[in-house]
Amino acid sequence: MAREYKIEDYRNFGIMAHIDAGKTTTTERILYYTGKSHKIGEVHDGAATMDWMEQEQERGITITSAATTTFWKGRDGKMRRFNIIDTPGHVDFTIEVERSLRVLDGAIALLDANAGVEPQTETVWRQAEKYNVPRMIFCNKMDKTGADFYRSVEMIKTRLGATAVVMQLPIGAETEFKGVIDLVEMNALIWRDESLGAQWDVVEIPEDMKAKAEEYREKLIETVVDIDEAATEAYLEGILPDNEQIRALVRRGTIDVKFHPMFCGTAFKNKGVQPLLDAVVDYLPSPMDIPAIKGIDFKTEAEIERHADDSEPLSMLAFKIMNDPFVGSLTFARIYSGKLEKGASVINTVKDKRERVGRMLQMHSNSREDIEEAFAGDIVALAGLKETTTGDTLCDPLKPVILERMEFPEPVIQIAIEPKTKGDQEKMGLALNRLAAEDPSFRVKTDQESGQTIIAGMGELHLDIIVDRMRREFKVEATVGAPQVAYRETITRTHEEDYTHKKQSGGTGQFARVKIVFEPNPEGDEFKFESKIVGGSVPKEYIPGVQKGIESVLSSGPLAGFPMLGVKATLIDGAFHDVDSSVLAFEIASRACFREAAKKAGAQLLEPMMKVEVVTPEDYVGDVIGDLNSRRGQIQGQESRGIAVVINANVPLANMFKYVDNLRSMSQGRAQYTMTFDHYSPVPSNVATEIQAKYSGQK
């Protein structure tokens, strides 16, 4: 079967934003106008097509990125193929955003016209910067009270440090919002309310807005000619680019991430969505426009590139595992090069295992269509893979490659969980393993001492939803303990320890002596090991044993048994025995050496500090600040945002449990907050003593 759409007509993009900026609604409108959805789903009545998990429909927030393929006819009359990923905006699910950005070519960043750039907008924006994803901006909810397009433009500069190229101006705002001015064509688009936004009239720019439109068109031209020498020279000579040249320059600047074209509208009231879709075609990259993906040759370890070309060897990245009630486990993958046929055998180079593709599906939210073949640029769901997890590379067994791995954050909160009945015991283990395979930011472990099952994640909501899914999807009833903070330990001063391990009573003996300097790692939270052995006092083949021994005890610090961060170990001397020394003997010696040293090197307890942003009406500012201070919070600053006040603070996670209830009652439900992990910080000594007493009893 031949390719239906040329690869240059593909647009793989995501929609990213703060919670409640209208992502799912915007995606719903896109599906409606591109003909994939016959009825518009509304988030607040629980019928949105993209939000297909039960909890999403109940809570009105998007948890999993649903991948959807749809089609759109551009201004030139040609059909384009869109692969859209709808991502969650709640901070507990940033891992989903990170995963989808990794496999997209472009993104639309959505802003709420009333709130502008919000904390989670900053977080997802930074994630997109990390992967250098070209972005457009859609200022949504222009019909909302307090909507201010121009303030949002300013906030993009001050808060994100980015350049927004304004492509449209709003006509009216709040309830008076009628349409937009197109600054390229210099005309106005007014939507007809009775047509559900499917029809609009192209009219002249209103008289009272002509001067503003001229001013913003001039700014647009000044910004875009700046990226091209010939265009700059022509502009300085008084020759202005024509409309097609403007579009070409905007496209180039967007793909090179020099600036971000900005549009406006209200998805809920069906205004502004179609021009946004035209802009996706005009300005976001096709798989051909972005640099070839880099990887490591599986055999030679040389760096190689794979281009978006069907004739190159197959390479794809698994970016999401999802449990589907009808098909079982589904692996979502982005094909970077080559083509894939149903039933093909591929190799997972990360696990070094062969996999067979049983079924291949093209997804529309939660409905699906079987396909026989997929090509470079496609995003597909594969059934029948046994070994593959998120971040793995799947490729041609004859030309194996490992594509860049994804990095996943460490969980900051954990809870103990117990099955209610004996029957739930086995089902719970299976359910938790399935859920952990789907979500790399969720971890499951067994406490060695108590035998309890501990689950860890990115926040209270994250773990609530995991427990909820266990009940609904796997029919497992469980009792959940109180949330526990993921504390860490470190050392604060340099200490040299000399340790000899000897066991020479009958049979093969064991002997190893190590002299190691332990100190805080100046380069960060990682563990760093160095060997400065000269003259062979510890033979080369035993040195990995020394490193392994220390690493094996880093998971349990001396104070309260928490994992250790930021330790540097330098092996400076030692001794061995011709017969009795072994890698294992050096492993045992270094393990004991570190245990001894950790107590003497100023061991210190660390706690996760959260970056908290509270948005509150002015009347409650005093109460909110007082309350944050009482939680050992450090106020970093405050600023006005319209009629509200934004308070920024760093607060220990330990003191933020159930904060949402407190904030609601303090502000009569009018204040909101967001919280993201910021850094680990030393615990004050009085609090540390309590924590040690509590956890040492459990060690």
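A Cβ is built for glycine as well, from the same backbone N, Cα and C atoms used for every other residue.
Swiss-Prot lists 8-288 with the feature domain 'tr-type G'.
M142 (GTP binding site) carries neither a helix nor a strand DSSP state and counts as coil. The feature GTP binding site is assigned by Swiss-Prot to 17-24, 86-90, 140-143.
Counting Cβ atoms from all protein chains shown, M142 (GTP binding site) has 30 others lying within 10 Å of its own Cβ. Cβ neighbours within 10 Å of A17 (GTP binding site), excluding its own Cβ and spanning all shown chains: 28.
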